[in-house]
Amino acid sequence: MSTAMDDPDVLAEKKDINENMLGGKKVKIIFVLGGPGSGKGTQCSNIVEHFGFIHLSAGELLRAEINSGSENGTMIDTIIKEGKIVPSEITIKLLQEAIIKGGNDKYIIDGFPRNEENRAVFESVQLQTLVTYFQLLQINISPEFVLFFDCSEEEMERRLLGRNQGRSDDNIETIRKRFKVFVESSLPVIEYYESKGMVKKIDATKPAPEVFEDVKAIFAHMA
């Protein structure tokens, strides 16, 4: 069901007021999506190095919370091991805190939004951060565009089984559950943004250096 938040004019208006405390600069948010093993993490690191973005990984923020030993982290760990998606409220809260602490005007958010609920909740949220001791600025967030790393399941599976990061979710059964979740939950998000002309698709089956050449062509004007 569509809402006022989905209206193109509303999204455009929200983008116009994405400003932060850094001299009134516009806050640029890029969503980075791709299946598990598509190589988006590697390319996010390249984007940070070459174009000055801060990289926020929804997955890394969740794993940091798990490693904290908190009750919240234990719950997140159970959800991930079952191959399910963490509730939007939890992930968004972690992203909010990271953006506020970052103090930058350019962010790539890796692995989020993972479903339509994530997207709708994130686009409606207002981040509040102190501009001066006397003024409070509310930042409405919507992405500049969505960078989608398109890769076949066969290639992603090969990469995941070949890596050794000690992750409990890098086994064949959980990997295939993650593929299923991505297709059922994340592809509708990509289709939503694609319908608005906001998706930039990258062929991620190629070697990483070749993939980054395609990425550089997209980000060249943001250096």
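Each residue, glycine too, has its Cβ placed from N, Cα and C.
No curator has checked TrEMBL annotations; they are predicted automatically.
Database features, via TrEMBL:
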type    : residues                                                                   : note
BINDING : GLY37, SER38, GLY39, LYS40, GLY41, THR42, ARG163, LYS206                   : ATP binding site
BINDING : ARG63, LYS84, ILE85, VAL86, GLY111, PHE112, PRO113, ARG114, ARG167, ARG178 : ribonucleoside 5'-phosphate binding site
BINDING : ASN118                                                                     : CMP binding site
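Positions of TrEMBL features highlighted on the structure.
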{"residue": "GLY37", "record": "ATP binding site", "Cβ contacts under 8 Å, 6 or more apart": "CYS151, GLU155, MET156, GLU157, ARG158, ARG159, LEU160, ILE175"}
{"residue": "SER38", "record": "ATP binding site", "Cβ contacts under 8 Å, 6 or more apart": "PHE149, ASP150, CYS151, MET156, ALA204"}
{"residue": "GLY39", "record": "ATP binding site", "Cβ contacts under 8 Å, 6 or more apart": "PHE149, CYS151, ARG159, ALA204, ALA208, VAL211"}
{"residue": "GLY41", "record": "ATP binding site", "Cβ contacts under 8 Å, 6 or more apart": "SER57, ASP110"}
{"residue": "THR42", "record": "ATP binding site", "Cβ contacts under 8 Å, 6 or more apart": "ALA208"}
{"residue": "ARG63", "record": "ribonucleoside 5'-phosphate binding site", "Cβ contacts under 8 Å, 6 or more apart": "none"}
{"residue": "GLY111", "record": "ribonucleoside 5'-phosphate binding site", "Cβ contacts under 8 Å, 6 or more apart": "VAL32, LEU33, LYS40, SER57, ALA58, GLY59"}
{"residue": "PRO113", "record": "ribonucleoside 5'-phosphate binding site", "Cβ contacts under 8 Å, 6 or more apart": "PHE31, SER88, ARG119, PHE122, VAL189"}
{"residue": "ASN118", "record": "CMP binding site", "Cβ contacts under 8 Å, 6 or more apart": "ILE85, SER88, THR91, ILE92, PHE112, VAL189"}
{"residue": "LYS206", "record": "ATP binding site", "Cβ contacts under 8 Å, 6 or more apart": "none"}
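In the shown protein chains, 11 other C-beta atoms lie within 10 A of the C-beta of ARG163 (ATP binding site). ILE85 (ribonucleoside 5'-phosphate binding site) counts 20 other C-beta atoms within 10 Å of its own C-beta, drawing on all protein chains shown. Largest Cα-Cα distance over the residues recorded as binding ATP, namely GLY37, SER38, GLY39, LYS40, GLY41, THR42, ARG163, LYS206, equals 17 Å.
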